[in-house]
Amino acid sequence: MERGWKEAGLVVLGIVLHALYMLSIFDIYFKTPIVHGMEPVSPRIQPPAKRLVLFIADGLRADKFFEMDASGRYRAPFLRSVIREKGRWGVSHARPPTESRPGHVAIIAGFYEDPSAVTKGWKANPVEFDSIFNRSRQTIAFGSPDIVPMFCAELSNSHWKSYPHEYEDFATDASFLDEWSFEQLRDFLNRSKTDTNLEKIFDGDQLVIFLHLLGCDTNGHAHRPFSSIYLNNIEVVDAGVKATVELVERIFADQRTAYIFTADHGMSDKGSHGDGHPANTETPLVVWGSGVRRPSPASPEDYEDDDTKFVDQHERHPPTPLGWGLRDIERVDVNQGDIAPLMSTLLGLPCPMNSVGSLPVAYLDLNEADVAEAVFANAKQILNQFLQKSRLKQATSLKFKPYMPLADYETIVKEIRKLIDKHQYETAIESAQDFIRLSLAGLHYFQTYDWAFLMSTVTMGYLGWMIYVLLHIIKNYTSILSHPSIPARKSKASPVQKNTVRIVGVSTLGVCSIILMVEHAPVLYQLYLALALLLWTEILSDSDFLYSVWNAVFSASPMSFIRTALASAVFILILEVLVLSFFMREVYTGVFLVGGVVGAVAVSCNIPGLSMIPAFVWASCWFLSVFTLLPVQISDNILFVVGSGFVVLGLAFWSWQLDRSLPADQAMRSIVCGPFYKSRRSNKIFYIQVAVVVAMSTCMVWVSTSIRGQKRGLPLPIQLMNWFLAGISIILPAFSAPEILGRLTSIFLGFAPPFLLLSIGYEAFFYSALALALISWILVEATLIHSPVNVDHDDASFHSVICDSIAPAFKATRPLKLGDMTVALCFIVLINVAFFGTGNVASLASFEISSVYRFITVFSPYTMAALLLWKLLIPFILVTCAFSAVMKLLKLPRLGCYFVVMLFSDIMTIHFFFLVRNTGSWLEIGQSISHFGIMSAQVVFVLLLFSITNVFTRDIVVSPREQVKLT
């Protein structure tokens, strides 16, 4: 009982440690950049515009907007005429994550999303921030319920309206959503002619009108950005913008309105967004109206590279594609965050106080004095953020380290002011822009001020945890220390010595905690440090056990030592190969090509005469190796999904008949198929799964896709039938026959319907390929049991550890040995294949939203996310069920194997922790954090998988090995 509680405590400690250290990446990289307490800086200029109209076409990628269609026409004739006759144009470069909220935050507030908002799925911000809407006298907004309320609901100076969520139906043409927004503004403007209250809203300056146009995003997700529906939606948007501009110009005849048309993000060819691909980061930008410079002819200097890059790491002066037909007009690209200071300057407003955007002066039609004043105000606004962060950090640091390049910032400010006063405007503008870059570097310095402390603390915590788990495995799950050749320690450590170590550890923690409290460090900082110190204190306090382990290592025979060292090196090498696989999926192709050959040879050597089994092992591994060579972007192919359904049925019947193909006295039949005959109940369950559930699910795939292909909403009875099939199928395996192969076949059939219904292309075949590889793994492990080396070693291990009064044949588990580590290693390889077999879970763009359309078509983010996660979870469940079967087969301790998996996973986790980047593109930084998070979560995730799969595998029965008669 005491050991059970101790191991439960260790599991809980592991969950807490990994959850806590996963949070450390939020303190290192997802720490909010938002600070408060600064004073706004108003530009000393006469506002060129009284009002500004902002159009944001959600999900509109630049190339589809600018290029010609198949007939040689341009899709946005009105906005194209604006580019050539009235205003300025360029490409706005977004920074990943290219999602709706981060894009709108960058445009409206000027900073690239508060990273801490990831904890709320980019849907809400944990920290309040300033925006152009806050600064305006009045904001009028119409559009999506996911965007407009997010920015306007809490503002007293706003009038807004959004349509119901039910309007966002992916089964229809969503361009009507844009027409709704245009119509709402048109009615609002027309009512202002007769409504005195509305007239007061429009009477005055500093007015912002915002239209959020969701049609392109919804149609891009549902139909892809190269579909006629998406491309026609661009024409709908262009026509709506034209009608809106004409109406505004009629109502406000003062020519004091500025217009900005852009997008929050683009859209990949597969209908998704989120990563740093140019299709997602490059969006159109068209600016015209009061205060905006008119078009200029392009010059060769426009394409000279100055070695600087945009936030998406694209070149500053890329050549304009010939198909856009705009090479003769000057192009001015900007970072997405630069749009906020541009809007502020046009309205004469202070820049949003947390903005990091730089004013794009090439868009302004102002005199040099006003441009210099505007850029100077932009620089002082960013400087104020730097100074506030510096003051906050200095107030809480015992030994403060200032950012030296800005130690004499007051002199720089005075020099720029002198340049403006002396009418040296060009020099003043250049100096202010350099000052902006220096202030941004200072902001980054304080954003990563605690980086060294956090990295070193978390590293020591992980190392302590790994050593502690390793020692626990050696003490409780192996027979290493019971060997008679290991000398015992002559003098045991006294309780006083152990307590002394603990007192020193607790005292060190107390001193460090006091220092952190004086510096007003977050509570999490103290928890990171406390875990690390407590783990190392516990390790060092058990000196007797450490001494025994030391003697066990160095008293072993040279051959045993070399064998253990080589095995450990091979294990670590394989784990490093798995680390590489996060960057190159093709690594798994090589792993399974080699694994297929090794497995086939192992079967042939241990049980000769089974020529078909080695061939099956080799073929199944090689079949699975193909999938990591296929593209991550999965194209719709209904024939693949339906064909995979027939493959599932074929594999089920093959597995059902496998035991009949083995002779009655074969060892393989006794172990894998078991001594149990299938009952009538299990026969009925098999036929129900095959003939009813899987077959009907395959038919429903075809029916659902055919209906959607007609651009009609999916009828409710069809949706309910899909939900029913997916739900009932996962219940049936728990009632199937308990022998290994029969139960795993039933599990394979049980999870096939939901996976098929959530598949859109070749990934449906991956499900069957993975199942074949898992069966091969079980067959290989079953044959290795009969290796003479294994049998002899097992007998020695049993008698050295288990009491003589207990027969080994009836003991539930046996001690772990070095060779058993390969079982845990195979499990980690297969779990990672489940991660990366058909995509890349570390990339947001790998989540294919069209996978859920057979269950739901009306936009519901939580339901859709749950379905996508369920699809991702199914391969993991298959792998874990097979792992559980192998543990039963080899009589391995379930919890001991779990700790081994944790240890191996943490070797990869700490590697990824060192690979986390704070330089380079945001895509590279984000992926490095994702890799670390995936491996950290995988350790906790495995425990969840063990719990889920225990429902299906807890009653699996394996015949005792002593009953197996070798031929």
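Yeah, the Cβs are placed from backbone N, Cα and C, and that goes for glycine too.
TrEMBL labels come from automatic prediction, so no person has curated them.
According to TrEMBL, the domain 'GPI ethanolamine phosphate transferase 1 C-terminal' annotation covers 442-921.
Long-range contacts of the transmembrane segment (451-471) within the same chain: residues 10, 14, 17, 21, 24, 27-28, 525, 528-529, 531-532, 535-536, 538-539, 542, 545-546, 549, 899, 902-903, 906-907, 909-910, 913-914, 918, each at least 6 residues beyond the stretch ends and with a Cβ under 8 Å from a Cβ of the stretch. Under the heading transmembrane segment, TrEMBL lists 451-471 (among others).
For the transmembrane segment (561-583), the list of distant contacts is 553-554, 591, 818, 821, 825, 828-829, 832, 836, 842, 904, 907-908, 911-912, 915, 931, 934: same-chain residues at least six beyond its ends, Cβ to Cβ under 8 Å. Marked as transmembrane segment by TrEMBL: 561-583 (among others).
The feature transmembrane segment is assigned by TrEMBL to 590-609 (among others).
Sequence-distant contacts of the transmembrane segment (615-632) (same chain, six or more residues past either end, CB-CB distance under 8 Å): 585-593, 595-597, 599-600, 603, 762, 765-766, 769-770, 772-773, 775-776, 779-780, 833, 836-840, 843, 846. Sequence annotations record features per position, and here TrEMBL assigns transmembrane segment to 615-632 (among others).
Annotated transmembrane segment per TrEMBL: 639-656 (among others), in sequence order.
Under the heading transmembrane segment, TrEMBL lists 685-704 (among others).
Annotation comment: TrEMBL describes 716-735 (among others) as transmembrane segment.
Below 8 angstroms of C-beta separation, residues 592, 596, 599, 602-603, 613, 616-617, 620-621, 623-624, 626-627, 630, 634-637, 640-641, 643-645, 647-648, 651, 655, 668, 672, 694, 697-698, 700-701, 704, 722, 725-726, 740-741, 744, 748, 826, 830, 833-834, 837-839, 848, 850-852, 854-855, 867-868, 870-871, 874-875, 878-879, 882, 885-886, 889 of the same chain, each at least six residues beyond the ends of the transmembrane segment (755-780), sit close to that stretch. Among the features that TrEMBL reports, transmembrane segment is placed at 755-780 (among others).
Per TrEMBL, the feature transmembrane segment maps to 821-842 (among others).
Residues annotated as transmembrane segment in TrEMBL: 862-883 (among others).
Within its own chain, the transmembrane segment (895-916) is flanked in space by residues 7, 10-11, 14, 18, 25, 28-29, 455, 458-459, 462-463, 465-466, 469-470, 472-473, 476-477, 571-572, 575-576, 578-579, 582, 813, 816, 820-821, 823-825, 827-828, 883, 887, 925, 928-929, 931-932, 935-936, 938-939, 942-943, 946, which lie at least six positions past its ends and keep a Cβ under 8 Å from the stretch. According to TrEMBL, the transmembrane segment annotation covers 895-916 (among others).
Here the transmembrane segment (928-952) has long-range neighbours at 11, 14-15, 18-19, 21-22, 25, 29-30, 582, 733-734, 743, 747, 831, 835, 841-843, 876-877, 880-881, 884, 894, 898, 901-902, 905-906, 908-909, 912-913, 915-917, meaning same-chain residues at least 6 beyond its ends whose C-beta is under 8 angstroms from one of its own. What TrEMBL lists as transmembrane segment is 928-952 (among others).
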